[in-house]
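Asker: Copied straight from TrEMBL:
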DOMAIN    12-62  domain 'PSI'
DOMAIN    20-439  domain 'Integrin beta subunit VWA'
DISULFID  CYS24-CYS61  disulfide bond
DISULFID  CYS383-CYS395  disulfide bond
DISULFID  CYS437-CYS441  disulfide bond
DISULFID  CYS465-CYS474  disulfide bond
DISULFID  CYS504-CYS509  disulfide bond
DISULFID  CYS506-CYS540  disulfide bond
DISULFID  CYS548-CYS579  disulfide bond
DISULFID  CYS553-CYS562  disulfide bond
DISULFID  CYS585-CYS590  disulfide bond
DISULFID  CYS592-CYS601  disulfide bond
DISULFID  CYS611-CYS620  disulfide bond
DOMAIN    611-687  domain 'Integrin beta subunit tail'
DISULFID  CYS636-CYS662  disulfide bond
Amino acid sequence: MGRGVLSQEVEVCSKTVINSCRDCIRSGAYCTWCKQLNFTKPGEQEAARCDTRAQLEERGCMGKDIVSPLNILTVTKNTALSTNAFVKDEPIQLRPQEVNLKLRPGLPRTFKLDFRRVEGYPVDLYYLMDLSYSMEDDLRSIKTLGNELFKALQGITKQGRIGFGSFVDKTVLPFTNTNPEKLKKPCEEKELFCQPAFGYRHVLSMTENKADFNREVDKQRISGNLDSPEGTLDAIMQAAVCGDRIGWRNSSTRLIVLTTDDGFHMAGDGKLAGILEPNDERCYMDNKLYTKSNDMDYPSVGQVASQLEKNNIQPIFAVTKNMENVYRELSRMIPKSEVGVLSEDSKNVVELIQAAYNRLSSKVTVTHDALPDNVRVTYTPLCPGGGPAGDKGVCDNVKVSFNVTVTADECIDRERSFLIGPLGIKDKLKVSLSTRCECECDDPKEENHKDCDGKGKVKCGMCSCNAGFVGQKCECAIGEKDESSLRAACRKDNGTECEGRGDCVCGICQCYAQQGGSTYYGTHCECENESCEKFQNKLCGGNGKCRCKICECNPEYEGTACQCKKSDEQCRTPSGSVCSGRGTCQCNQCKCIEGYQRPYCLTCPACQTPCITKGKCIECLGFQTGPFSKNCSQTCKSINEFEMVETLPPGKPCDVRDVENCRVFFIIKQLDGEDNYSAQILKTRGKRRMSCATKKYAHVTFIAHRKQIMFAGHPLHERPEERKVVPGE
């Protein structure tokens, strides 16, 4: 990624402990180092060499002398995608196949990933059936649908195979009746064909032979248990991890079709039977039976989801209508899974499988396995309607592309690798990752450089002094200069030398390291990054970085401890204004000006009512009388709009006396802002004498916005004073 990408964001270099070029480039993605000789001023700390490129250039550092390691992407394997037809050779569906990334910490690198599904790609379908007693009619149906199932599979691929497995539940109380007779025949007495209780049984490994499938399925008999939930997750787990027993091929689309009419037990339920050992996600199968059914707890949904993803298996839950919502919730937690509703006798199962497969195969979801610490990966789909960028990429086309963005937040001690690929597909991209945390400065070869007073060599523009010499230019021989003046330079405001956190060497503080490994820093070692305010027991709430005892929040957070997500949603009034214009939104709460109350700063109980404070302005605006009449437009700017009306709306109006002792009625409403009002003024004043009669020049209904208010053809402040008004005129 070049500099053009950097410029898309605001470049900030948050410097902490900077003693070298190496420290600088580890401080942030936009920190660069000036290796130019004599760049720092006398007495200036060498940390001044560390800043953004723009800042260094502005201060005179030549572009050629700015050290800023950039990301390096090397594509090491990039075989072309296979043509759109399956052949015996291993198809290539993902490109590239291997990349090597060398990343600058904090600086993202984006590359393109292409995927094209090969037509006719092999499909392995494992039919996993609930054989509890309530599924008796469904078992009868599947015995007659074997040929149709194979025919549907042949319509998808010529390389299709089918296997079969069945399950009920753990054969211990309270899940199954443990009476010996009931264990042998857990069905009703009238049921002639009933097999003994069991947990999970693998019946038939993957086969292309329809006769084998029909024969084995025809042998199956119903069984039974006590409670409604079944040992479904036990069965899925074993089908996923016992790959060699099931017969999953290395290169195939792997499907588990699970049919059931009930819910499922999950991790923790085993305790009801005294089974405390957690599920270890391993294969335990002997003579095609799950041997740890009664010894090991059910797996969790997360464990099942993890193993399905790890083994590239996509489940299709074919369930009865009453269980649809349960399995849709389960499907939300298992990537690349589908749910279909069975008819009462399961006769629609073939159509259901076809529809679910079409949905699964038309959608490509790209994700990754476990990442190294402090590494982030996001995906941006490049297909139409591909959705937002995130930690998974989803596209609904056969040939799709994604932008993959990898970021290393910190330096990595050695090269690490991880895999990226579509869920349910074997093809993976191997990403080998290392970080660029060292400076390549091409230093001069002289051992005693003239810019180091002949007593040291240059390292990235700084002097590395010989033994016995210190200072910016190695100018200070230890023991030669006046000790008291040198020590004074290490005291801030006559305080403790280097704040008690460092040694004063030749007038410069060399700060100590802290117990946690970080170092005190600053001219007088006054700064450290462990004493910022905490939120939820995390420094800066985990949403920012501590810089010299002050939290610098990530862009989307604010607050003294970065405890608040930047938002004004809770500060907005129904009309959309923020805090009614009478406060500021801080931590998504209104901080109102004095007197006004939260949540929206709408009311001020202690403030004088505008009926009193705005009475003289109402008189002036409505009737051109009173003490403000000569300069009304300037004095009464706070009433931003008003209207003269024949009648006032319902409610209790304001009632004030004007200069003629007449009663003026009006309704006033505070608008957004501290001193901003609208008013409706009754044209007719309350009469105690004739002079209170409404004047003709006041018989104009208008709304005056804060421009120039007109009266009788003249601006209000220019109204002729000599005009006489005759009562009743």
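Heads up, the Cβ atoms here are built off N, Cα and C, so glycines get one too.
Curation plays no part in TrEMBL annotations; they are all automatic predictions.
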Asker: Highest CB neighbour count within 10 A among the disulfide-bonded residues CYS383, CYS590, CYS611?
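Answerer: That would be CYS590, with the highest Cβ count within 10 Å.
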Asker: Could you pull the average pLDDT for the domain 'PSI' (12-62)?
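Answerer: Its mean pLDDT is 85.
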Asker: In whole Å, note down how far the CA of CYS636 (disulfide bond) lies from the CA of CYS620 (disulfide bond).
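Answerer: About 8 Å separates the two Cα atoms.
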Asker: Mind checking which of CYS465, CYS562 has the fewest other CB atoms within 10 A of its CB? They're the disulfide-bonded residues.
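Answerer: Least crowded of the disulfide-bonded residues CYS465, CYS562, by Cβ count within 10 Å, is CYS465.
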Asker: Within a 10 Å radius of its Cβ, which of these disulfide-bonded residues (CYS474, CYS540, CYS548, CYS579, CYS662) has the fewest neighbouring Cβ atoms?
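Answerer: Taking CYS474, CYS540, CYS548, CYS579, CYS662 as the disulfide-bonded residues, the minimal 10 Å Cβ count falls on CYS548.
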Asker: Just to verify a number: CA distance, CYS562 (disulfide bond) to CYS474 (disulfide bond), in angstrom, no decimals.
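Answerer: Answer for this pair: 43 Å between alpha carbons.
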Asker: Work through the disulfide-bonded residues one by one (CYS24, CYS441, CYS509, CYS585) and point out the residue whose CB has the fewest other CB atoms within 10 angstroms.
Answerer: CYS441
Asker: Roughly how many Å lie between the Cα atoms of CYS540 (disulfide bond) and CYS636 (disulfide bond), rounded to a whole value?
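Answerer: Rounded to a whole number, the Cα-Cα distance is 48 Å.
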Asker: Please determine which of the disulfide-bonded residues listed here (CYS61, CYS620) has the lowest count of neighbouring CB atoms within 10 Å.
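Answerer: Taking CYS61, CYS620 as the disulfide-bonded residues, the minimal 10 Å Cβ count falls on CYS61.
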Asker: Could you state the whole-number distance in Å separating the C-alpha atoms of CYS465 (disulfide bond) and CYS548 (disulfide bond)?
Answerer: 29
Asker: Go ahead and report the DSSP secondary structure tallies for the domain 'Integrin beta subunit tail' (611-687): helix first, then strand, then coil.
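Answerer: So the domain 'Integrin beta subunit tail' (611-687) is made up of 19 helix, 26 strand, 32 coil.
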Asker: Given the disulfide-bonded residues CYS24, CYS474, CYS662, find the one whose Cα is closest in space to the Cα of CYS585 (disulfide bond).
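Answerer: If we rank CYS24, CYS474, CYS662 by Cα distance to CYS585 (disulfide bond), first place goes to CYS24.
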Asker: CA-CA, which of the disulfide-bonded residues CYS504, CYS553, CYS592 lies nearest CYS383 (disulfide bond)?
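Answerer: Result: the closest of the disulfide-bonded residues to CYS383 (disulfide bond) is CYS553.
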Asker: What are the sequence-distant neighbours of CYS592 (disulfide bond), meaning same chain, six or more residues apart, C-beta distance under 8 angstroms?
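Answerer: Long-range Cβ contacts: CYS579, ARG582, GLY583, ARG598, CYS601.
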Asker: Roughly how many Å lie between the Cα atoms of CYS506 (disulfide bond) and CYS548 (disulfide bond), rounded to a whole value?
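Answerer: Each residue's Cα considered, CYS506 (disulfide bond) and CYS548 (disulfide bond) end up 24 Å apart.
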Asker: Look up CYS553 (disulfide bond) in the DSSP assignment and reduce it to helix, strand or coil.
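Answerer: Looking at the DSSP assignment, CYS553 (disulfide bond) belongs to a strand.
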